[in-house]
Amino acid sequence: MSYYQQQCKQPCQPPPVCPPPKCPEPCPPPKCPEPCPPPVCCEPCPPPKCPEPCPPPVCCEPCPPPVCCEPCPPQPWQPKCPPVQFPPCQQKCPPKNK
């Protein structure tokens, strides 16, 4: 006789009453740390200190035009004047930046 046949011969029984499930205690609320204190901010940065703008470059004065001698009066024994050597300017100007 199988297990099912044995079950069939027994009179019907009401299903057992299950006890209500035992629940654990509800979870305690999570313990939060104290809220963070507001960050301590430093003073705003001062504006950067810039050096004074560069002064304009100091240029030497342009060389004065050469002082030319008057043309020599024509002379029969010296038809042409010798070339006049002009002294160079005392100050040499720096090359101009392009």
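Just so it is clear, glycine is given a Cβ too, placed from its N, Cα and C backbone atoms.
Taken verbatim from Swiss-Prot:
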- 21-65: region '5 X 9 AA approximate tandem repeats' (REGION)
- 21-29: repeat '1' (REPEAT)
- 39-47: repeat '3' (REPEAT)
- 48-56: repeat '4' (REPEAT)
- 57-65: repeat '5' (REPEAT)
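Computed over the repeat '4' (48-56), the whole-number mean pLDDT of the model equals 76. The residues of the repeat '1' (21-29), classed with DSSP into helix (H, G, I), strand (E, B) and coil, number 0 helix, 0 strand, 9 coil.
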